[in-house]
């Protein structure tokens, strides 16, 4: 009966998460970190930060995490923060009647990008109760464009998150949260004891880093292959997506319920600070099928939330709580389940599964070296989680600060730094960051931080392709319509030619959205003359503001007569007359660095004249 309840509840929750994700917002599937990272790098993929995605991400993440799938909530929370920030940046959602005029000043690409960066920092800060870690995560992993102004805005955002979290935790600590316990979200401040370590303790820590790097790179390799297989299957039909999710749920339920039978019962410790065995609530000592006064250590990890499992693994003074076989079984189970669970069509994070997996293998290594080191098993679990995070996600500073804020112990800093650096260095020799691999699998054209060596041997003239679509300062309406219908480009160079100038000269750049706005207003001229700033009286600033995701105008929606197609538009007043330009002989590596570091969307290449 217990298995039936466990099995059916998991299946129903997984099915619900898969159905709402598949039919309402497919963009809500997965972590969300690769999508938001791509957006901040300049890829405005459709629907990734819409209101619909936000709602599905919240509900679907709750269902997926509750369904016993080994998935986390840190990635979805970061995505939720980015969606909320984007909605604020576009003045709300007109489609659903949620608009605010007072924030219309943020309706432009730059402000929305900055808000999304702050939102992603807030999401990580809320997931781990790590405000400084959230800021550093956004800086190190997410944003390709960063300024001192953006830094303090992100810091202010995460500070507000920390205050609100603290207030909510205080409410729960007073016992007003009912079944939600006494404060949670993710509170891993379980390792606040003073510790001491010596040079003899360094070799096991270095070994943890090396093993973490190897395991992390293997994890990335296998996850990349599994995701590509899932992508092929998911393309066939919607039924396959939901079938895979249900199959993974059934497999997970059978595995999690069956494995504790392999573990032997342990007598309850006499000096335990909590009731043993634990019945009807969260705790370290699950009875499972054991006699009175005994507990099942593997069931204590499996039949708990991921947060409580991590708390159990990180706990101090629990060296005798787990067996060697239990740690090994739990590590292999988490490693496999986290890989196959991530690809299902439901909101799913990677952070918490990686922490659980790393903590279990770290504690196992601590058991093996217990007679040769002064460090206890809980500390080894913390360092194991750090090494596996470094090996799979390849971040250093932000992960170090997040782990310190989780464990609430600054004395761990040197050890965590060493483990992260070693694991990242080892893993970099095999493959790339897990989020970069996912972005490549999803087809996002992401610009890497470091340029490839071959780019230094090429110039920008070697990679530009033609024919180039340009607009003239006074352009015929028919030509503009033809350009917009035959290309998908978002910006076009504006050129002045004789008789309007002595020789062909680049005047600037005009955006596709602005051209469509001009066509909609039909401010046409019968002759190609410059009218200057007088044309502004026909427009308001809001008409040129960044449109919301569901309100983008399309050229196909504009109907023009034959007479209007023969008329002219003066583009000069609406053109950006100071675009970034480079000469055709510029190194491709330098141009790529400029494009990424300055946060550009368009870069114009002009010929190097000899006259």
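Indices start at 1 and increase along the chain as displayed.
Glycine is treated like the rest: Cβ placed from N, Cα and C.
The feature transmembrane segment, as given by TrEMBL for the ranges 180-199, 280-299, sits at 180-199. Record note: among 368-388, 389-409, 410-430, 431-451, 410-430 is the stretch given as transmembrane segment by TrEMBL. Looking up the ranges 150-168, 302-320, 454-472 in TrEMBL, the one annotated as transmembrane segment turns out to be 150-168. Stretch with the largest number of CB pairs closer than 8 A to the transmembrane segment (205-222), among 150-168, 242-263, 328-357, 410-430: 410-430. Highest Cβ pair count under 8 Å relative to the transmembrane segment (242-263), across stretches 53-71, 115-138, 150-168, 328-357, 410-430: 328-357.
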